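Undergrad: Summarising the annotation, TrEMBL assigns domain 'MurL N-terminal' to 6-124. Residues annotated as domain 'MurL C-terminal' in TrEMBL: 147-231.
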Amino acid sequence: PGRKRCLILNPTRAALESVQIVGYPEPLVVERTIDQNLLKLNQLGYLNGHTPFSAYLAFLGAFVGTLHECKNIIVSNDHSTDEGNVLFHDLEINHQYSKSFRFEKLFREYSARYLTSQVQYFSFLRPLYEIQVSQLFASYPEHHFSFRSCNVGQKEDRWCGECAKCVFVYISLFPFLSPERMKEIFGKDYYLKPKIEPVIRALVGLKEPKPFECIGTKEESILAVALAIRRYKDLGGKIPSMLVSLGKELGLDDTKTVQLLEDKIKKRWNSEHFLPEEYVKLLKAALVKLKI
């Protein structure tokens with residue numbers, strides 16, 4: 001009891017390497033396969049339904065955690081997951097619902113009532129926006145080449161460089177890493193790729209709907225664009241035409257507006273969370289160290 005273990009479902013190279021880097025060489029591995037009947041239905045033209053993957057992981061975590069006498073099931077869902085994608089008949093549709101605080105609260109209540117009260121489920125990163133998480137992540141260089149966050153290129157262990165997940169990860173990390181390191185990780189400067197401009201426009205809310213991917217909020221994406229423009233200026237480089245046009249449309253030439261947005265997001269500590277006090281201290285200490 002009390003041992004710290006990493007739980008991985010259908011592990012990829014990136015997942016296995018990441019847990020080894022942090023010092024957990026023997027993760028708990030669960031293998032899941034798709035029913036062959038579902039594959040046959042796909043071939044007949046039937047569409048896939050949506051799997052609330054993080055909800056599945058919550059239930060799986062409760063089961064595995066109970067088997068291994070763990071005290072906590074700790075995930076890494078942030079505050080940004082609370083923002084929805086589109087309104088449908090006045091109902092907000094959120095692609096990341098099973099990562100949201102609302103789901104976390106309801107799952108904890110359900111688990112305590114019907115599953116187990118011995119294992120506590122909570123998200124360590126819940127108080128933070130995703131761009132704050134990116135700033136924290138940038139300070140851990142040992143992880144820069146092991147991680148992946150691209151559904152399109154997952155099986156080939158690569159960044160596709162064009163999907164909303166790739167683009168958001170890129171723009172959220174760009175303000176906090178050198179251009180050289182960004183090229184080492186992603187292969188090229190995405191802001192020089194005209195193909196991704198429509199994706200960024202959707203991320204910042206200039207195009208609807210917000211992409212149905214696990215990404216940050218629209219305001220975070222706007223801030224990321226503003227910080228990228230500032231970054232190019234600070235480095236004395238030419239600002240890519242894509243950023244120039246986005247900056248004008250978003251009104252980012254107003255320094256006061258940008259500063260207000262930066263203060264609102266980068267200095268935010270969301271009070272809706274279930275972190276035990278010891279974990280609050282750990283996370284706040286990391287933020288203080290980086291002056292976030």
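Counting starts with 1 at the first residue shown.
Just so you know, glycine gets a Cβ as well, placed from its N, Cα and C.
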Undergrad: Based on DSSP, tally up the residues of the domain 'MurL C-terminal' (147-231) by helix, strand and coil.
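TA: Once the DSSP states are binned, the domain 'MurL C-terminal' (147-231) shows 48 helix, 0 strand, 37 coil.
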Undergrad: Take the domain 'MurL N-terminal' (6-124) and count its residues per DSSP category (helix H/G/I, strand E/B, coil), listing them in that order.
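TA: Summed over the domain 'MurL N-terminal' (6-124), the classes give 54 helix, 20 strand, 45 coil.
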